[in-house]
Amino acid sequence: MEELHTLPGPEAVAENASEECLARNSNYSENYCQPYFDGLLCWDATPWNTLAVQKCFSEFHGVQYDDTQNASRLCLEGEWHNYTNYANCTERIANVSPTDVTSLIYLAGYTLSLAVLSLAVFVFLYFKDLRCLRNTIHTNLMSTYILSACSWMLNLALQNWSDEAQQEQTSCMILVICMHYFYLTNFFWMLVEGLYLYMLVVETFTAENIKLKVYTTIGWGAPAIFITIWVIARCFVSVVPSTGPDGLTITGETKMCQWIHEHQVDWIHKAPALAGLALNLFFLIRIMWVLITKLRSANTLETEQYRKATKALLVLIPLLGITNLLVLCGPSDDSWFAYTFDYTRAVMLSTQGFTVALFYCFMNTEVRHAIRYHVERWKNGRNIGGGRRRGASYSKDWSPRSRTESIRLTV
C-alpha cells in the first residue's frame, strides 16, 4: 500500500526552523546567549550584554516587508531578552493587497457620497417649500449615510494612521459603538422609507395615521436599544487578536482595537438590520405589484408600462437598501472572481448614498422646480434693485403630492 504524505503544519515548520538554527550554532563558548529562533528569525550565539542586530525578514503571511532595515534583540547575562524589536520592519510601500484596494474603493465612494449627500441635506433644509413628511424622511436617511460614512473614515484613520490606537482603547470603543449605531440607523431609516411607501401606495386609507414621531422613534430610537444591549453584552466577552509565533504581533495588528474584532454577540445588531432588509424586500414586492397593476389598467403601450415599472424598480432598490441583499454573500477564496466581487460590492455599497441623493434630490422634479424658482426670484430681485425676503415661499399647491411622487424619477 502506497504511503500517504501530508504537508507539515505551522508548528512543524517552526520546529524544523528552530532545529536548523541550533544546528547552525553548534559551537559557541561560555558567556554567550544560546542560539534562539523566535518564530521569525534565527538569533546566533551572542556575547552577554550585547545587542544582536540583523536584517528584517522579507515576507510574513504573504505580506512583503522591507528587508533593508534591521531587527534587534538584547542578550543579557545568560539569557535573551523576551522581546525582539521589529519596529523598523515595516511593509513595503509598493505592496498593495486586495484588502487595501477594497478599502481605497470604500474611501473614494464614501468621500463622493459624503459631498453629494451634504449638499442634498442642505437643499432640503434650506428651501422651506420642500418641507413635507416625505422629504423629512429622505433627509433623515441621508443624514444616516453621512454619519455612517464619517464614522467609517474616522475608524479607518484610527486603525491605520494613529500610533496610539492600541493604548487608546476607550476612544476606539466609543468610535466603534458610534459606527455600529449609525450603520443600524441607516438600515432602520431604509425600513422607514419602505414602510412610508407601503402605507402610501398599498394601505392608502391608513397612511395618514402614522406621524413623523413614530417614524423618528423607529429610525433613531430602535437602533439605540439594540446597540445598548450589544454594548452590555460585548463588555462581558473578550476578543484577543491573533498573534504570530513567539507571541509576536506584526505591523498593523498592534494598532487593532479589540472592539473592531467580530464576535457572535455582534448578531445583536446584525439581525435587526437583516430583518429590516427582509421587510423592505416584502414592501418592494407589494409596491411593484400595485404599480404594475395600475400601469396595466392605464391606456398606455405595453413597452411604456415596462419602461415605467423598470424605472421605478431601479429607483427603489437603493432607497430601500436592496443593494445590500444583492451583495450579501459572495466567494471567500483567493480567486479573481472573489476579488471582482469584493470590488463590485465596495463600489455599490459606498456609492449607495450618492445614488439616493442623486435620485431623490437632484433628479427630483419638485426639487429642481424649487431651486429654479428661487434662482429666478434672486435674479429678478437683483435686476429691479429690490431685495428678496429670505424664507418666502409660494403656494403649497404647487408642490406635487401624488401617491406615486416618491417612486417617480423624472429626468
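Even glycines carry a Cβ here, placed using N, Cα and C.
Please treat TrEMBL annotations as automatic predictions, because they have not gone through curation.
Database features, via TrEMBL:
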COMPBIAS  398-411  compositional bias 'Basic and acidic residues'
DOMAIN    20-93  domain 'G-protein coupled receptors family 2 profile 1'
DOMAIN    102-364  domain 'G-protein coupled receptors family 2 profile 2'
REGION    387-411  region 'Disordered'
TRANSMEM  104-127  transmembrane segment
TRANSMEM  139-161  transmembrane segment
TRANSMEM  181-202  transmembrane segment
TRANSMEM  214-233  transmembrane segment
TRANSMEM  273-292  transmembrane segment
TRANSMEM  312-331  transmembrane segment
TRANSMEM  343-363  transmembrane segment
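By number of Cβ pairs under 8 Å, the transmembrane segment (104-127) is matched best by 139-161 from the list 139-161, 181-202, 312-331. The recorded stretches the transmembrane segment (273-292) and the transmembrane segment (181-202) share 3+ CB pairs below 8 A when only pairs 6 or more apart in sequence are counted, and are therefore in contact.
Under 8 Å from some Cβ of the transmembrane segment (343-363) lie the Cβ atoms of residues 101-102, 105-110, 112-114, 116-117, 119-120, 123-124, 138, 141-142, 145-146, 149, 315, 318-319, 321, 323-324, 326-327, 330, 409-411, all in the same chain and six or more residues away from its ends. Mean pLDDT for the domain 'G-protein coupled receptors family 2 profile 1' (20-93) in this predicted model: 79. With DSSP classes pooled into helix, strand and coil, the tally for the domain 'G-protein coupled receptors family 2 profile 1' (20-93) is 5 helix, 32 strand, 37 coil.
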